[in-house]
Structure formats: structure tokens, C-alpha cells
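J.: As annotated by TrEMBL, domain 'Tetrahydrofolate dehydrogenase/cyclohydrolase catalytic' applies to B:12-127. Per TrEMBL, the feature domain 'Tetrahydrofolate dehydrogenase/cyclohydrolase NAD(P)-binding' maps to B:147-284. For B:G173, B:R174, B:S175, the entry in TrEMBL reads NADP(+) binding site.
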Number of protein chains: 2
Amino acid sequence: MSVVEPASAQLMNGTALARETLDRTAERARKLLAETGVRPCLATVLVGDDPASVTYVAMKRRRSAAAGIESRHLPLPGRTTTAELVAAIRALSDDPTVHGILLQHPVPAHIDERAAFEAIAPAKDVDGVTMWSFAAMAFGRDDGFVSCTPGGIMRLLDAYGVDPAGKRAVVVGRSPILGKPMGMLLLARDATVTYCHSRTVDLSSVVATADILVAAVGRPEFIRGADIKPGAVVIDAGYNPGNVGDVDAAGAGERAGLLTPVPGGVGPMTIAVLLDQTVLAAERVAAVAASTAVTSTAAAAR
Amino acid sequence: MSVVEPASAQLMNGTALARETLDRTAERARKLLAETGVRPCLATVLVGDDPASVTYVAMKRRRSAAAGIESRHLPLPGRTTTAELVAAIRALSDDPTVHGILLQHPVPAHIDERAAFEAIAPAKDVDGVTMWSFAAMAFGRDDGFVSCTPGGIMRLLDAYGVDPAGKRAVVVGRSPILGKPMGMLLLARDATVTYCHSRTVDLSSVVATADILVAAVGRPEFIRGADIKPGAVVIDAGYNPGNVGDVDAAGAGERAGLLTPVPGGVGPMTIAVLLDQTVLAAERVAAVAASTAVTSTAAAAR
């Protein structure tokens, strides 16, 4: 009979951090409304009626309302073409009363998702999905928006005092809105970053070098606990059926120093960053309007 | 007395590959001119009179002429402001007779280089410096342009039969137009990619894992030969005063399987890719014009 060691990893409480983040977001939304009359507005676009997507969008809209953010919902039929979707998103990009745009993804297979994403104006890309936003993350700009899940992970690291500088970070997964931007955000914070993926040979030996490990592949318990470096910070960005992450949670719990639970880790932070960035988008518009008003007043006074 | 082993690494001849590439580029330029009347045109923009930059631009213009590419030179005074430079580049972006735009860099310190780069239309960004081009490389698109030095390195790898898939690649350096796109191009070809930089701890141990090593830091002989994995492919993208690369060439020669010399390795390929992409840009414009003409003719015939 084997003796099971007690779990040693401290859990990173994404639910609590998301609540704190949303409280501050709601306070900023209230302040903006009081000072400028502007209520931040997030447009949500949903193509088709995939049940999971319907649920996600409904949750985002509820959280928006709770944070004092107006949500404008645009449901489109599943047969919508790429051209129609692009036109609908461009209209939202041009609408001055909309501050942020979320296209719920994945979209139906017949749609060119990238073309749809690129119809989002960078200044309204609060979900961080455009090519411009990706490059802005990679180049360390502070005038863009981050992809929400990687952005939420960076906030978790900060909240738990994990400084990526000089650390070895391993990102498993290379999707355009999760793995790739995750690596770029860690690199911008001076981690030594390795990207792993389905073609990586001897993944275990790479995982074993990670001071910070981010699993973002969407395969249940893909990362074995035994491969984790003792004391590592393990971020599980996977969310597979049955509340199972991409990391063997039991095994990781015995070796990691810090570990995000599934659920209650990364997931809640994703929505918190989305809404936080929606308010930021509105604040930026208001700041520009205010500086223009000051300039006009000064000109009129001359 | 120690016995010096003979150098074992095969040198990757960038001069020869660049010549072959430029021959094919010239042939394509000839064909395009004969078939469509369009001569590819590269606009070169130079701010100030830094001697090295003057030399580089002159070389690029000579090579353009030799390849049948028109070169239009725009020299601007060193006191040019960011706004003036952006306006000048935008004018070239809007000029239908210009197919590619090269802003010689670095620009003087008072100029916002990024703003100037972003004034280049993505369809004319044959030097691969815009944020759009970076994201296009990262996302594996084939309708953009690659940064010329990383693009030249990928062609060297191909020419010498090096398939990055499944290999461990280490990129030392993370600049926006060299290290960062280099890693993304290797990742798009399925390498397991690690970014190292000035804040990397224990660089030697990371370098030692590289099947493919790209040194792009601009520090003479920064990479020690003793750290190189025996048989590795070593790409030296450094070019320091006195024809010295970023890699200890003597030490690397004893351990690497393939090695780019300095000079005559990466350098010549950079210009070859620039001109190759200039012709590609013109070919793309001609293809669009041809398909439009076909459509118009078909409409007229109806």
C-alpha cells in the first residue's frame, strides 16, 4: 500500500482575484459615468446557437451588467457568411457608442474567423484577438489590449508575487489567442520562454525545466505531475469536459509550488480582464474627448 | 601542448545562395515587365547621413538595379521630424508606382521609429517591419512579407536540408525585426522554440540544448563554442566591427554541424530576400490588376 503525500502546492485563487478585479472595474465604470456621462459599452457578437457559446456570452453579459457596463448583444444566424459578419463587426467598430467588441469564438467552420477578428478596430479589441493586438503584446506596447486569458494569467502571477524576470517559462500550446500571446507577455516581462506543441519531441524534458509552466493545449491531464519541477508555478489554462484541466492536478499538487485549480483558477480571470479592458477602452475615449474639449476651449478663448 | 582539432562544421554559403536567389528574382522581374509592362519599384528612405546607413542603402540600390528593380531614393535631412517622415512614407504607401518601401534603420534617435514603420502599407512592407507583418509571420500567413534577415535564415536552412520540425531551436535576442520574428518563423515550421536574451539566467545550459541556434544579439563572440551542442546548426546573425559575429567562430567550427560564416553567411541573404519580396509585391499587384481586367472584360462581353 503506497502512502499518498499530502498536496503541497498553494492554490492560486482565480475566483477571489477576479472578484477583486471586477470590484475595481465596477468602481472605475461608476466614476467614468459620474464624471463624463459615458457608460462603457461592450458589444457581444454570437454566430449560431452552440450551447456552450450561448452560455459563455450570457455569463459575460451578466457580469457586464453587474459591473455597470452596458452590453449590446448581436445574435446572428448560423448561416451568416464571412462577408456579413465582417460588415456587422465593422459597423460596431464605427459606432462611437460601442467601446469594446467581443466576437464569441469559435465561430462556425464556414466562416473565416481571422477575417472577422480583423474587422474589430484595434481600439475596441478588448478581447485581444486582432493581429495588431498580438504585435502590441509582443512589442511590449501599453496602448493596446492583451488577450484575456494570457492577460488574466499575468495578473495571477503578479497577485501571487511571481516575477517572471530571469525565470524559465514553458508554454505548452501555440494558438493565436492563448499560447502565442502568453509566451510574448512572459517574454516582455523578461522570462526565458520556450514554446512547446504537438510536434515537440521529448516534452517531459522541456516541462521539467519550467519555473513557470503554462498548459494551454485543451487535452485532459496532458501534463504529467511527475514531469513538473519541484516548486514550479503551474498555470492550467485548460478546461476540458468534467472540470478537468490540461494538467494532472493530483500529481501537480504534490510537486508545484503554486497551482491554479480547475475550475476557479484561470477561467474567472479571463472575464475579469475582458470587462476591465472594456472600461479601459471607454476611459481612453473619454480622455481623448476631454483633451479635445480642452483644446477647443483654449482655441475659443484665444 | 594541446592538439587543435580540425574544424568540422560545414559552412553555409550565403553568398552563393543569395546569388542564386537574386538570379531567380531578376528572371521574375524580367518576366513581369515583359508580360505586364510593370517594372518592380523599391523606394528607399534614408534619414540623415550615417555613413554605414548610406553604404547599406547604396548597396541595396545597386543590387536592385542589377535585378531589374527600379529604385527610387528619398533622402531626408537628419532633422526630419517623426510627423514629416510618417507623411513621406504614407505618400509612398499611396503611390501606385511604388511596390516596396524600405526605411533604412536605425533612424535618428529623436524619431519614433515604430510610428514610421507603421506608415508603411502592409502590402508594400517588403522589409517585414510592420506590426501586421510580424503577426502574419507569427500566425503562419502566406499573404504577408517576412522580416528579411529571419526570412533569409529560413532559406539557408531549407537550402541545406535542415527541417526545423521537432527540433529544439534557441534564438538569442528578441528585437522586433530579428529575434522575435525569427522565433515565430521557426515555430511556424514546428520547431520547439526558446527565446533567450540579456536577462536569461545560465544561458550556456540553454544554448547547449539547441539543435538550431540563432545568435542575434549584436555582441562580438557572445556565444561560446564550448556551449554548442555537437552537430548543431549554428546561425550567426551578428555583424560586429571587424567582421566578427555573435558566435565564437573558431570554437563553433569545431562543434557545429553547419555554421554560417561572418561575412558571407546571413548578410547576403538579407538583401536577396528584400529584393525577392519587392518583386513578389509587384507580382501581387499585377495579379490583382489582371483578375480585375478579366472581370471587366467578362462584364463588357455580357
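A Cβ is built for glycine as well, from the same backbone N, Cα and C atoms used for every other residue.
No curator has checked TrEMBL annotations; they are predicted automatically.
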J.: Once near-sequence residues are set aside, which residues in the chain of B:S175 (NADP(+) binding site), 6 or more away, have Cβ atoms under 8 Å from its Cβ?
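T.: When sequence neighbours closer than 6 are ignored, B:S175 (NADP(+) binding site) has B:A216 within Cβ distance under 8 Å.
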J.: Give me the non-local Cβ neighbours of B:R174 (NADP(+) binding site): same chain, 6+ apart in sequence, Cβ-Cβ under 8 Å, ordered along the sequence.
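T.: For B:R174 (NADP(+) binding site), the qualifying residues are B:K180, B:G183, B:Y195, B:H197.
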J.: Listed in sequence order, which of the binding-site residues B:G173, B:R174, B:S175 sit with a CB under 8 A of chain A?
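T.: Among the binding-site residues B:G173, B:R174, B:S175, the ones whose Cβ sits under 8 Å from a Cβ of chain A are B:R174.
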J.: Can you see whether DSSP assigns B:G173 (NADP(+) binding site) to helix, strand or coil?
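T.: In the DSSP reduction, B:G173 (NADP(+) binding site) maps to coil.
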J.: Name them in sequence order: residues not among B:G173, B:R174, B:S175 whose Cβ is within 8 Å of the mean position of the Cβ atoms defining the NADP(+) site.
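T.: Same chain, not in B:G173, B:R174, B:S175, Cβ within 8 Å: B:V171, B:V172, B:P176, B:L178, B:G179, B:K180, B:Y195, B:H197, B:A216, B:V217.
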J.: By DSSP, how many residues in the domain 'Tetrahydrofolate dehydrogenase/cyclohydrolase NAD(P)-binding' (B:147-284) are helix, how many strand, and how many coil?
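T.: Reading the DSSP string over the domain 'Tetrahydrofolate dehydrogenase/cyclohydrolase NAD(P)-binding' (B:147-284) gives 56 helix, 24 strand, 58 coil.
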J.: Can you tell me the mean pLDDT for the domain 'Tetrahydrofolate dehydrogenase/cyclohydrolase NAD(P)-binding' (B:147-284)?
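T.: Overall, the domain 'Tetrahydrofolate dehydrogenase/cyclohydrolase NAD(P)-binding' (B:147-284) comes to a mean pLDDT of 97.
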